[in-house]
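Sharing a structure with you now.
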Amino acid sequence: MAARLRPLALRLLARTFPLVARGFSDETLEKAAKSEGYCSRILRAQGTRREGYNEFSLRVEGDPEFYKPGNSYRVTLSAATPAYFRGFTLIALKEGKEGDKEEDHAGTFQIIDEEETQFMSNCPVAVTESTPRRRTRIQVFWTAPPTGTGCVILKASIVQKRIIYFQDEGSLTKRICEQDSASEGVTDKPTLDCCACGTAKYRLTFYGNWSEKTHPKDFPRRTNHWSAIIGSSHSKNYILWEYGGYASEGVKQVAELGSPVKMEEEIRQQSDEVLTVIKAKAQWPAWQPLNVRAAPSAEFSVDRHRHLMSFLTMLGPSPDWNVGLSAEDLCTKDCGWVQKVVQDLIPWDAGTDSGVTYESPNKPTVPQEKIRPLTSLDHPQSPFYDPEGGSIKLVARVVLERIARKGEQCNFVPDNIDDIVADLAPEEKEEDDTPETCIYSNWSPWSACSSSTCEKGKRMRQRMLKAQLDLSVPCPDTQDFQPCMGPGCSDEDGSTCMMSDWITWSPCSVSCGMGTRSRERYVKQFPEDGSMCKVPTEETEKCIVNEECSPSSCLVTEWGEWDECSASCGTGMKRRHRMIKMTPADGSMCKAETTEAEKCMMPECHTIPCLLSPWSEWSDCSVTCGKGMRTRQRMLKSAAELGDCNEELEQAEKCMLPECPIDCELTEWSQWSECNTSCGKGHMIRTRMIKIEPQFGGTACPETVQRTKCRVRKCLRGPGMEKRRWKEAREKRRSEQAKKNIDNEQYPVCRLKPWTAWTECSTLCGGGIQERYMMVKKRSKSTQFTSCKDKKELRACNVHPC
């Protein structure tokens with residue numbers, strides 16, 4: 001394949017116009033593309049193509065041998081420090097195809113970072129750099145082609161200065177085949193074993209970039225947050241999550257509820273495959289200056305068996321969206337540990353909930369779908385939607401940085417290191433690729449060889465980065481390695497003893513004053529002649545503990561690890577302890593402190609530490625008419641992680657419906673009036689008053705006047721009878737008046753005003769009533785005059801028929 005492509009590139013160089021030092025003109029590129037088929041690989045530099053070096057690599061996340069049709073995979077093109085590249089081209093071809101036709105290409109790429117990568121204008125299926133500048137890593141997503149495509153070859157070309165690195169087999173080519181029934185049991189787990197020695201300790205730092213400024217569409221202002229980070233360092237036999245796989249119950253609870261409890265339980269059940277459980281606090285809100293100054297971090301360790309790390313955290317609120325790393329390999333091919341990993345993250349869907357917006361109601365996905373990265377074309381209501389299909393803006397960045405190495409280091413160097421050094425051209429060996437924006441100290445002297453025997457090892461020198469003037473330009477590593485041979489051969493007896501490395505020094509034998517410490521090594525291989533090894537296997541040296549000894553001194557252990565901070569947010573205290581190994585010789589009390597405490601600072605406390613569901617609809621009004629109350633509720637989706645949840649879970653408000661009907665309301669009936677005639681047949685009446693008029697369709701008022709018949713003595717006939725009745729009536733009135741005058745004289749404290757005039761008749765005909773009143777003028781306070789009260793009289797009027 002390489003032999004066929006080299007003449008193609010030479011023909012391209014020969015046919016084009018004169019080239020500038022750094023690239024082709026756009027016109028030349030267009031002509032070259034049209035002359036050589038649908039999509040030829042066009043390199044943007046001048047020079048001879050060379051085989052790819054091992055410092056450049058093309059990697060599919062998880063290093064799978066098989067792909068699942070339709071699944072998405074993260075593809076990384078990287079350069080090992082201090083190498084770098086300025087330009088690149090990345091394509092995916094069906095095995096055996098040249099790429100001259102559109103149907104030769106397999107699968108589709110998805111841009112992650114538009115500032116780093118773009119599709120080629122003259123070859124839309126290929127990915128290239130956005131701008132020609134120094135870089136050490138680019139990433140894209142590749143979606144596998146449909147069933148029946150067969151094997152696919154991912155190929156990359158690298159441009160560095162005037163030298164073109166191009167390789168069709170090796171580190172810049174990745175062959176991956178379709179998973180069929182025969183390979184269905186094969187997973188996408190990494191298959192390469194780690195050859196590094198000892199353990200390495202790393203710090204994970206998480207920088208959230210999701211904010212209203214970067215992602216304004218439907219941004220949840222009050223409830224935005226990152227859930228607690230959960231993950232582990234693990235072996236290739238355990239998978240926390242992966243693209244194309246199904247979410248476990250633990251992943252589901254992180255994705256939907258932000259709860260890491262079940263996920264941690266699942267991790268701890270894999271005790272043989274897990275070295276460290278990785279945990280970091282949640283962030284409320286998702287972005288603030290504190291998250292940049294003191295970003296959430298966690299430390300973890302890896303070893304030869306458990307050299308992968310995975311983690312995830314929920315982007316909340318959301319249906320089931322997360323970010324994270326899956327099976328990130330921290331072991332290098334040259335049996336070392338990666339110094340630093342920087343990964344930009346975009347959200348992915350756990351496949352357990354079908355919501356499309358941040359605060360969509362719960363809608364379980366049945367059946368459950370596979371984990372996949374979100375895209376800008378998923379749904380028009382999605383906050384990441386882009387009708388043009390652009391890339392999703394990054395929501396977070398994670399940095400993995402090696403902070404310590406422990407245990408034995410490898411006593412060998414891979415054979416290909418000598419080949420790599422010898423293969424470099426002389427001018428490349430001497431050339432310093434250090435950018436002008438990176439200011440270093442001088443190199444330190446070379447260290448002793450890592451091998452203590454007659455084996456191949458390596459030695460190291462270091463320098464210090466004093467200043468980085470341009471943060472966008474990466475600075476090369478501060479360490480340099482060189483192959484060497486160890487001094488482990490014994491010349492005294494003509495035989496060879498193979499020795500191990502020295503074990504770590506023991507603690508000092510005393511807790512005060514001067515003592516000793518020792519270290520050991522062992523014989524890995526005795527001489528063939530059966531003689532004894534004369535190489536020392538133990539070393540002892542003096543050690544001094546600063547504190548002077550006295551008879552009252554006591555022997556104590558080393559300090560233990562610090563306890564966790566007493567506060568989950570804000571300022572708290574942390575403590576560590578040690579124990580007394582031996583009491584003072586003089587029998588006194590040991591004055592050494594066995595507990596030490598100091599302040600610790602956790603992420604800033606926030607007022608919204610819990611995740612709530614959206615408000616429900618308002619209930620019906622509590623009444624059917626008039627004024628009432630209605631309520632709505634919401635649920636606590638996940639427990640508070642930084643304190644109690646003080647948010648209200650129920651709200652109430654007033655509601656108003658049409659006015660209720662008001663029925664007519666009347667007073668009680670009055671007493672019957674006197675008969676309206678002095679003799680013969682007549683009638684009496686009684687009345688009642690309207691207290692409340694009917695309203696809003698209430699019951700109408702019934703009658704307010706009732707009349708009944710009455711009969712007085714028979715009327716006497718003749719002219720003298722009328723005169724007699726009038727006289728009797730007059731005498732009666734005089735008698736009543738005289739009685740009243742006597743009462744007033746006997747009880748002068750009860751005085752009444754004169755009768756008022758009669759009121760107007762209540763009706764014009766048919767019998768009405770008139771009223772008059774006598775009001776009390778002066779009333780005694782004594783209880784024996786309680787009969788002294790206002791008086792009222794009624795009489796009939798307008799009794800003629802209507």
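From the backbone N, Cα and C atoms, a Cβ is placed for every residue, glycine too.
Annotations for this protein, taken from Swiss-Prot, read as follows:
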SIGNAL    1-23  signal peptide
DOMAIN    24-189  domain 'Reelin'
DISULFID  Cys39-Cys123  disulfide bond
DOMAIN    190-383  domain 'Spondin'
DISULFID  Cys194-Cys331  disulfide bond
DISULFID  Cys195-Cys335  disulfide bond
DISULFID  Cys197-Cys410  disulfide bond
CARBOHYD  Asn209  N-linked glycosylation site
BINDING   Asp320, Asp349, Asp353  Ca(2+) binding site
DOMAIN    437-490  domain 'TSP type-1 1'
DISULFID  Cys449-Cys484  disulfide bond
DISULFID  Cys454-Cys489  disulfide bond
DOMAIN    496-550  domain 'TSP type-1 2'
DISULFID  Cys508-Cys512  disulfide bond
DOMAIN    553-606  domain 'TSP type-1 3'
DISULFID  Cys554-Cys590  disulfide bond
DISULFID  Cys600-Cys605  disulfide bond
DOMAIN    609-661  domain 'TSP type-1 4'
DISULFID  Cys610-Cys645  disulfide bond
DISULFID  Cys621-Cys625  disulfide bond
DISULFID  Cys655-Cys660  disulfide bond
DOMAIN    663-716  domain 'TSP type-1 5'
CARBOHYD  Asn676  N-linked glycosylation site
DOMAIN    749-801  domain 'TSP type-1 6'
Check the binding-site residues Asp320, Asp349, Asp353 for other C-beta atoms within 10 angstroms of each C-beta and report the one with the most.
Asp320
At the Cα level, what's the spacing in Å between Cys508 (disulfide bond) and Cys554 (disulfide bond), rounded?
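A Cα-Cα distance of 14 Å.
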Could you tell me which of these disulfide-bonded residues, Cys197, Cys621, has the greatest number of Cβ atoms within 10 Å of its own Cβ?
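Of Cys197, Cys621, the one with the most crowded Cβ is Cys197.
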Other than its own, how many Cβ atoms are within 10 Å of the Cβ belonging to Cys331 (disulfide bond)?
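Its Cβ has 21 other Cβ atoms within 10 Å.
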Which ones are near Cys554 (disulfide bond): of the recorded positions Cys195, Cys335, Asp353, Cys484, Cys600, which have a Cα within 10 Å?
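Final answer: none.
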Could you find out if DSSP has Asp320 (Ca(2+) binding site) as helix, strand or coil?
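Once the DSSP labels are grouped into three classes, Asp320 (Ca(2+) binding site) ends up as coil.
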Using C-alpha atoms, which one of the binding-site residues Asp320, Asp349, Asp353 comes nearest to Cys484 (disulfide bond)?
Asp349
Have a look at the binding-site residues Asp320, Asp349, Asp353 and say which one has the shortest Cα distance to Cys600 (disulfide bond).
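If we rank Asp320, Asp349, Asp353 by Cα distance to Cys600 (disulfide bond), first place goes to Asp320.
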I'd like to confirm something. Which of the recorded positions, Cys123, Asn209, Cys331, Asp353, Asn676, has a Cα closest to the Cα of Cys621 (disulfide bond)?
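So, spelling it out, the nearest of the recorded positions is Asp353.
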Round to the nearest Å and give the CA-to-CA distance linking Cys123 (disulfide bond) with Asp353 (Ca(2+) binding site).
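Counting only the Cα atoms, the answer is 37 Å.
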Name the one residue among Asn209, Cys335, Asp353, Cys625 whose Cα is closest in three-dimensional space to that of Cys512 (disulfide bond); these are the recorded positions.
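Checking each of Asn209, Cys335, Asp353, Cys625 against Cys512 (disulfide bond), the shortest Cα distance is to Cys335.
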In angstrom units, rounded to an integer, how far apart are the Cα atoms of Cys194 (disulfide bond) and Asp353 (Ca(2+) binding site)?
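Rounded to the nearest whole number, the Cα-Cα distance is 37 Å.
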With H, G and I counted as helix, E and B as strand and the rest as coil, say where DSSP puts Cys484 (disulfide bond).
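DSSP assigns Cys484 (disulfide bond) to strand.
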Can you list, in sequence order, the residues of the same chain other than Asp320, Asp349, Asp353 whose CB lies within 8 Å of the CB centroid of the Ca(2+) site?
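Once Asp320, Asp349, Asp353 are set aside, the remaining close residues are Ala255, Glu256, Ser318, Pro319, Trp321, Ala350, Gly351, Thr352, Ser354, Gly355, Thr365.
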Reported as an integer number of Å, what is the Cα distance between Cys195 (disulfide bond) and Asn676 (N-linked glycosylation site)?
128
Measuring Cα to Cα, how many Å separate Cys590 (disulfide bond) from Asp320 (Ca(2+) binding site)?
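Roughly 57 Å, rounded to the nearest whole number.
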Quick check for the class: what is the C-alpha distance, in angstrom and rounded, between Asp349 (Ca(2+) binding site) and Cys660 (disulfide bond)?
53
